[in-house]
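Chemist: According to TrEMBL, the active site annotation covers His504, Asp552, Glu561. Sequence annotations record features per position, and here TrEMBL assigns domain 'Glycoside hydrolase family 9' to 110-574. Feature annotation from TrEMBL assigns region 'Disordered' to 1-24. Residues or ranges marked as transmembrane segment in TrEMBL: 72-94.
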Amino acid sequence: MYGRDPWGGPLEINAADSATDDDRSRNLNDLDRAALSRPLDETQQSWLLGPAEQKKKKKYVDLGCIIVSRKIFVWTVGSIVAAGLLVGLITLIVKTVPRHHHSHAPADNYTLALHKALMFFNAQRSGKLPKHNNVSWRGSSCLGDGKGKQGSFYKDLVGGYYDAGDAIKFHFPASFSMTMLSWSVIEYSAKYEAAGELNHVKEIIKWGADYFLKTFNSSADTIDRIVAQVGSGDTSGGSTTQNDHYCWMRPEDIDYVRPVTECSSCSDLAAEMAAALASASIVFKDNKAYSQKLVHGAKTLFKFARDQRGRYSASGSEAAIFYNSTSYWDEFIWGGAWLYYATGNNSYLQLATMPGLAKHAGAFWGGPDYGVLSWDNKLAGAQLLLSRLRLFLSPGYPYEEILSTFHNQTSIIMCSYLPIFTKFNRTKGGLIELNHGRPQPLQYVVNAAFLATLFSDYLEAADTPGWYCGPNFYSTDIDYILGKNPRKMSYIVGFGNHYPKHLHHRGASIPKNKIRYNCKGGWKWRDTSKPNPNTLVGAMVAGPDRHDGFHDVRTNYNYTEPTIAGNAGLVAALVALSGDKTTGIDKNTIFSAVPPMFPTPPPPPAPWKP
């Protein structure tokens, strides 16, 4: 027999001895004839028994381009078929066997609390509410804010967020709230996405950013004044003037005059608002036109802050009573850092890393509140924000010295939060006293928890050795807020089975019953011992006292009043701690506008030609 040689010409192959095959075939024919009752015709024989004249079996298979042994060919094809059947069987089992949904593990407590904490901002919205606001007892309110003043630099001041249990819009803590939310989205967008809350939190930020753009001439390059506050709450000296503190009314029913407070020398407020718009511009970087609008507004505000120096709460202003700012130097570093990230302009980085600025902000000395991030003092946050630059981009000279200092100071601050250090006391129940036993402690705790978690994630993402001073602390303090405390009470409304029911909050305490209660008419709802008729889902109350005690009493705001600044820190801490522990920070988004730190090397010279 001849096979085909792939290179051309016949290829002789030795066949097996056919005599043995003939004998075997003869014996098989005898068996077949005994089994069949009648002879088969030629077609039946060829189909059932094969061609009778074939006397020998080929040992090789011609595949066209190659000739292989029949045994190898059969073994290979059989293996492929068997593997295919095995894969098919496994697929069938996977698709038919009932699942226990192990891939969808129940949400952790931090994620569950996150869903609720974000809802608080929906309840705090002022202005014309969207249809999907999802707070049944809230409606549009204060639609006349900022209207009717002729020749003003603003057209209207409708929108924004009410600060706490009242209906005042304080722009200083509100700006800090939006900056914190934006920072958390920039770092942990994947965790927000996994929790199904990314669009929601971005909507919350946009609601705030859109309002801030109304509070100054955001289309101008240079301004000389901004709005600091809408509404009034001064009741000192026994004043009976109807305002947002004297009256106890649902925001939807407010009919008294709400004054607008302007300022022309308010560096802290303007720089904080610049930080809010700059950070939001990174959140919305995919919406180029809107992002650029936010950046322009941030630049204008920061220039105003630098040109017309002064504290917004100076000179006996009402803001000094409620949200007094101690200095504006920390806002200069904070706002400068955010503007650098939003624009990539080195002039902002040069400003934020000026040693003189850091000295004025208190970066080189450790006072009792050093390391405590709050609506008043952003130094700890600014130092961490700039340490991020050193960890991931390492800009070197001339920034290295101050960035190294900020990094070291940040490490010291994080260590100071740990129980083994004595910088801050703890209650018997284990809550860190970052405000040294003063009222309303929880807002400082959640801010610190966010910073500590973020710093830990920075070190891990940068493949840098962790803290040298001990284990992490933050989850224990957050767990305290969620209910692991001596009172077994959750300090987040709607989370768990035992939480405060008498919040110091006008909208939540007055029923939505088609009755309009006037200024004093609502006092009966303020003073009643009955629980609030409306549940303010997600509100973190001010917190317990230094002895872990808590009085669920509506009239005591030091225990039961929530604020947007406190809830912003809570949201940031919860998202940082939530979900899959392998999901870390987004290393690159914050650097989207930052150009390469070092110039691109020139191309190699062209080859030499004689």
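Cβ atoms are placed via backbone N, Cα and C, with glycine included.
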Chemist: Residues with Cβ closer than 8 Å to the Cβ of Asp552 (active site), same chain and 6+ apart in sequence?
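Modeler: Long-range Cβ contacts: Pro500, Lys501, His502, Tyr559, Thr560.
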Chemist: Among the active-site residues His504, Glu561, which residue has the fewest other Cβ atoms within 10 Å of its own Cβ?
Modeler: Glu561
Chemist: Taking just the CA atoms, what is the gap between Glu561 (active site) and His504 (active site) in Å?
Modeler: 5
